[in-house]
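Copied over from Swiss-Prot, here are the features:
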type	residues	note
BINDING	51-52, Q129, 175-177, E195, 262-266, 272-273, Y321, G491	NAD(+) binding site
ACT_SITE	C409	active site
Amino acid sequence: MTRNDPSRTIAAPTGTTLNAKSWQTEAPLRMLMNNLHPDVAERPQELVVYGGIGRAARDWESFDAIVETLKRLDDDQTLLVQSGKPVGVFRTHADAPRVLIANSNLVPRWANWDHFNELDKKGLAMYGQMTAGSWIYIGAQGIVQGTYETFVEMGRQHFGGDLTGKWLFTGGLGGMGGAQPLAAVMAGASCLAVECRKSSIDMRLRTGYLDTWTDNLDEALRLIDESCKAGTPKSVGLLGNVADVLAELLKRGVKPDLLTDQTSAHDPVNGYLPQGWTVEQWDDKRVSAPKEVEKAARASMANHIRAMLGFHALGVPTVDYGNNLRQMALEEGVENAFDFPGFVPAYIRPLFCRGIGPFRWAALSGDPEDIAKTDAKVKELIPDNPHLHRWLDMAAEKIKFQGLPARICWVGLGDRDRLGQAFNEMVANGELKAPVVIGRDHLDSGSVASPNRETEAMADGSDAVSDWPLLNALLNTASGATWVSLHHGGGVGMGFSQHAGMVIVCDGTEAAAKRIGRVLWNDPATGVMRHADAGYEIAIDCAKEKGLDLPGILG
């Protein structure tokens, strides 16, 4: 089992020459490879895409076997992938998924990091995060609009809709957290983001998500103060330990205007640098003494939350951004760790009630012009949404593509299927140079059960009910998605979430059009269904407006 191979450099093929038998199998092949592009993945030589140890394949032998299998797969066959390892090819039919993926799933009694890590060491499991093991990660852009929407809503609720002269403090510049600086600037706020790894800071600078960096707190605060006084938002990366820095700010009485965190706290061994440790010491001990790392990291997380609670008590809008930091602190004795809310119940849930979430697509041609054309098509088909148009304009101006050109665009039920059909038609008539794939984050309205994140504080108390992502995966399979995934532990770690993903190929064929119509209607409809069942009036009204047949919910 080879987990680390520095000789490997992976990039997705582009253009119209097929390496597999059809676009239905070429698409997952390219997206798997795209997940490991050097500008996309955090540690591609280790198959780690983002989120601590979120991998695209279990090991390099499994990666090679997946690639070779996809190349020979017929359009009436389905490949089964078990925790990043290809385990079977079965005859199905043309409208069935070409790939079905199950990652990191454990029987609930054993669903914890200790048991998972034992399996992982033996080569029997792989942590798939959300879009790492489901082959639809598109770099930091994949989370940037959701982060932007959150920051805009924070500005609306707390500052009258204007973040000019305000600044956000946060931690973590990895694959998810790396979106925060650009999202803050897009929303009109400056951002001070603390990151312990210089390589992560360098990647955000290289890919345009961060404006500048320093290793000196006083210099960082000077840069933030200058940008706020000038009313010109700027993002500053600070090399350091976020728990140390936040405690120092509290001690000095330096108050940010907004406060959150996106370190990989969900994984106390691989995701969070303990206070007083060097990165080199951490990297060594993660392998040689993981329990020592976990103990020290958890203690540091508790200190981190205590500092966040200190600012919360001072009236600073403070929000958990879904990394389970509060839970870790609670388990370390911080009894009031949940005094501040998670970002979904505080700012995002009304969108989920209408099936609105992180719709994304990638151009398999590799040509950025294909994304420009699809951006224009979105504006054409959704003409009366100036907020969406502003997002697309900002994205075109400010977001650098990582790997295959791609776009994230939060739209909901009734729009996703129309856009998918339009993209498919653009492929058919040659307007796009090659097919596109449409997918989404597992963080969506109907595809996840995560009581400390997406389903926190549900109106009916159904936070932990995980039937919903299972139904979502089953329905997307029945509807004909090109690949479907079912994962455990993404975002918040082992034992705290179950979630499903789907991707569908727009190859310009009539058969694809039928699948697209089913999948891109049914997928967001499950989110409306789930929230209507929980009693949200917005979701109930949306279900009625869209004519959903929900017999046990609407009566």
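Including glycine, each Cβ sits where the backbone N, Cα and C put it.
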Which of M176, A265, C409, the listed recorded positions, has fewest other Cβ atoms within 10 Å: C409
The residue listed as 'active site' to M176 (NAD(+) binding site) - Cα separation in whole Å: 16
Three-class DSSP secondary structure - Q129 (NAD(+) binding site): coil
Close in space, distant in sequence - Y272 (NAD(+) binding site), Cβ under 8 Å, 6 or more apart: T263, S264, A265, A297, S300, M301
DSSP-derived class (H/G/I helix, E/B strand, else coil) of T263 (NAD(+) binding site): coil
Residues near G51 (NAD(+) binding site) in space but at least six apart in sequence (CB under 8 A): Y127, Q129, M130, A132, G174, G175, M176, S264, H266, D267, G271, G490, G491
